[in-house]
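Worksheet: one structure, shown below.
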Amino acid sequence: MEGATTKPRLVPSTRFALSLVMFFGCLVTYMMRTNMSFAVVCMVNENKTDTGVEKVSRCGKEMTPVESNSSVIGEFDWDKQTTGMVLSSFFYGYIGSQIIGGHLASRYGGKRVVFVTILGSALLTLLNPVAARTSEYALAILRAAIGFLQGATFPAMHTMWSVWGPPLELSVLTGVTYAGAQIGNVIVLPLSGFLCEYGFDGGWPSIFYIIGVFGVLWTAVWWYVSSDKPATHPRITPEEKQYIVTAVEASMGKDTGKVPSTPWIKILTSPAVWACWAGHFAGDWGAYTMLVSLPSFLKDVLGLNLSSLGAVASIPYIAYFLAINAGGVLADTLRSKGILSTLNTRRAAMLVALIGQGIFLVASGYCGCGQDVLVIIFITCGMAISGLQYAGFVVNYLEIAPPFSGTVMGTGNTISALAGIISPAVSSYLTPNGTQEEWQMVLWLTAGILTIGALLFSIFASGEVQPWAKLTAEEGHEMAPLREGEKIELATA
């Protein structure tokens, strides 16, 4: 049992330090992913591409092209189709490497995969200004290449947590790790707004230079402090190493160093896996809709100008970050104290997260003129409550298929990446004039998808390691010499 081995403190510890380094890795990864969404606002000269017709009145205020673009004059004369091509190109690359990332991490180690993908993304990010000034097609190809590299990053991190994360600490450790993505969003929005106006080389290029350098520096730290497994980490204490190895082996078997073959048929026919994928797609639909469309929604409904947009749009992501970590602590506490089983903890997290987000988003769409603060409160609450999903499907990947968590999550990321392509296009199609009624349709659609995803997850999810994921010695793991009751207790507490 897990209690048979003395539990070393989580803070400070090597496993928690690894989660902090991964936190900053996710932070810089998301900064490189989302920088274009905001930079393009000051890259494109809307005065030249606008039809000259005044925008729809926002609560009685007519927004002319000059007013809506602040003091920034864009360098490029791109129309909306070109801008959309540049913004969506990332996801066309992103969708192509998810499964590869999990497989490579299992075979060669997550440390190397994360290092190569983030370093490559950082170097290509530094080339964004050169590509943009060459042609919009060169920029789109470059963004697709960045997406391809980043597609392998998160499955590789998940693969590492399958061997680094004791089952009863997974919610906290993965929560800290992936919360970095939200802080990346918080930083990149106001940073981009500031650099657009005051940055060097024309303003917007400095966004890519600064973030790219940050990415390169992070990879140097990562290579020094990380290790594929606790057994190979040079600075971990013997007590912590033994605790992690014993806890992980109790649920997935003893690692023999062999690389197991992936049971694709069993994965693709597993209801528990499809439950994660359904929740994953729904959660990402909501996230991508808000990530790409939130600035436009706030501008259309509230009439915010460029200089204030970044700061306001960051507020929901701060709440999101706090909720992810609080949810992880709460989930692990409920499980360790026996208040809820693993399965019911994951169900509760997904139902509250996704349905709650949908309710708040729909409510925000019905706020009237003069209720700007209320709109922001609703959006913030919706984003915050959605952070509980990190204690749902995200951790559940590690619980149902520890040896194949990177591959299974990578496949889920491939499916959910479609949301990154489809949801912005749907939002643009439904909001040609940016009216409140049009945005209400977008928010109702998002709420419907969130609800369906939460229900499917709750019906078909599992809290136990699936039979096909409990490996034998021939398949790469030797089952630990523990009683069956002990294995189940650790995996499903």
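Each Cβ is built from the backbone N, Cα and C atoms, and glycine gets one as well.
Annotated N-linked glycosylation site per Swiss-Prot: ASN35 (among others), in sequence order, evidence recorded as sequence analysis. According to DSSP, ASN35 (N-linked glycosylation site) is assigned to a helical segment. Listed in sequence order, the residues of the same chain lying 6 or more apart from ASN35 (N-linked glycosylation site) and placing their CB within less than 8 Å of its CB are THR125, VAL188, SER192, ILE207, PHE208, ILE211.
If you look up Swiss-Prot, you'll see ASN47 (among others) marked as N-linked glycosylation site, on the strength of sequence analysis.
Taken from Swiss-Prot, the feature N-linked glycosylation site applies to ASN69 (among others), supported by experimental evidence.
Per Swiss-Prot, the feature N-linked glycosylation site maps to ASN305 (among others).
Around the Cβ of ASN433 (N-linked glycosylation site), the number of neighbouring Cβ atoms within 10 Å comes to 9. Per Swiss-Prot, N-linked glycosylation site is recorded for ASN433 (among others), and the stated evidence type is sequence analysis.
Per Swiss-Prot, transmembrane segment is recorded for 10-30 (among others).
Residues annotated as transmembrane segment in Swiss-Prot, with sequence analysis given as evidence: 85-105 (among others). Remote same-chain residues near the transmembrane segment (85-105) are listed as 33, 36-37, 40, 78, 113-114, 117, 136, 139-141, 143-156, 158-160, 262, 292, 404-414, 417-418, 420-421, 424-425 (criterion: CB distance under 8 Å, separation of at least six residues from the stretch ends).
Among the features that Swiss-Prot reports, transmembrane segment is placed at 112-132 (among others).
According to Swiss-Prot, the feature transmembrane segment maps to 144-164 (among others), an assignment based on sequence analysis.
Swiss-Prot lists 175-195 (among others) with the feature transmembrane segment. Distant neighbours of the transmembrane segment (175-195): 16, 19-20, 22-31, 33-35, 38-39, 42, 154, 157, 161, 203-204, 206-207, 210-211, 291, 295, 306-307, 309-311, 313-314, 317-318, 320-321, 324-325, 327-329, 387, 390-391, 394; these residues of the same chain sit at least 6 beyond its ends, with a Cβ under 8 Å from one of its Cβ atoms.
Nonlocal intrachain contacts for the transmembrane segment (205-225), taken as residues 6+ away from its ends with a CB within less than 8 angstroms of a stretch CB, comprise 17-18, 21, 24-25, 28-29, 31-32, 35, 38-39, 111, 114-115, 118-119, 121-123, 125-126, 128-129, 188, 191-192, 195-196, 199. Among the features that Swiss-Prot reports, transmembrane segment is placed at 205-225 (among others).
Annotation comment: Swiss-Prot describes 272-292 (among others) as transmembrane segment, evidence class sequence analysis.
Per Swiss-Prot, the feature transmembrane segment maps to 311-331 (among others); the stated evidence is sequence analysis. Residues 171-176, 178-179, 182-183, 185-187, 189-190, 193, 290, 294-295, 298, 302, 304, 345, 349, 353, 376, 379-388, 390-391, 395 of the same chain lie 6+ residues outside the transmembrane segment (311-331) yet bring a C-beta within less than 8 angstroms of a C-beta in it.
Look at Swiss-Prot and you will find 348-368 (among others) tagged as transmembrane segment, backed by sequence analysis. Sequence-distant neighbours of the transmembrane segment (348-368) (same chain, 6+ residues past either end, Cβ-Cβ under 8 Å): 279, 282-283, 286, 290, 301, 327, 331, 340, 374-375, 378-379, 381-383, 385-393, 436, 439-440, 442-444, 446-448, 450-451, 453-455, 457-458, 461.
Per Swiss-Prot, the feature transmembrane segment maps to 375-395 (among others).
Among the features that Swiss-Prot reports, transmembrane segment is placed at 406-426 (among others), with the record citing sequence analysis.
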Under 8 Å, at least 3 Cβ pairs, sequence separation 6 or more: does that hold for the transmembrane segment (272-292) versus the transmembrane segment (10-30)?
no
Listed stretch, out of 112-132, 144-164, 375-395, 406-426, 441-461, that has the most CB pairs under 8 angstroms to the transmembrane segment (10-30):
144-164
